[in-house]
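Right, one structure below, let's go through it.
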Amino acid sequence: MGMCWCVCFNDFSKQFSGFSSLIAAESFNYKKFFEMVGLKKKSPEDVKKVFHILDKDQSGFIEEEELKFVLKGFTPEGRDLSDKETKALLAAGDKDGDGKIGAD
């Protein structure tokens, strides 16, 4: 199941067509990305659905290796995040400093 289903956009691929951070290396901006996908406006249930999709190993946490592929979950044209981009995204979501993102 892809994340497109969970974030419920009518035509998600069109929204991403102009988003250069899906293609250009070292240009990913997690704040812009979250704004674009409307994650802050989603219900807690929808956020948990997205979380469980990203948590590939079903450990209850999203680790750095799982975050590298986040853009591919939203669109087939997505790229892997660089190590620097992944670490920045992880730091933004890691509320307790344990190096992973929990469901809460």
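A Cβ is built for glycine as well, from the same backbone N, Cα and C atoms used for every other residue.
Because TrEMBL annotations are produced automatically, they should be read as predictions rather than curated entries.
Summarising the annotation, TrEMBL assigns domain 'EF-hand' to 42-77 (among others).
Per TrEMBL, the feature Ca(2+) binding site maps to ASP55, ASP57, SER59, PHE61, GLU66, ASP94, ASP96, ASP98, LYS100. The C-beta environment of ASP55 (Ca(2+) binding site), restricted to residues of the same chain at least 6 apart in sequence and closer than 8 Å, consists of PHE61, ILE62, GLU66, ALA103.
The annotation domain 'EF-hand' is assigned in TrEMBL to 81-104 (among others). Away from its own ends, the domain 'EF-hand' (81-104) comes close to residues 25-26, 28, 30-31, 48, 51, 55, 60-64, 67-71 of its chain (Cβ-Cβ under 8 Å, at least six residues beyond either end).
Here the domain 'EF-hand' (42-77) is broken down by DSSP into helix, strand and coil counts: 20 helix, 2 strand, 14 coil. In this structure, the binding-site residues under consideration are GLU66, ASP96, and the one with the smallest number of other Cβ atoms within 10 Å of its Cβ is ASP96.
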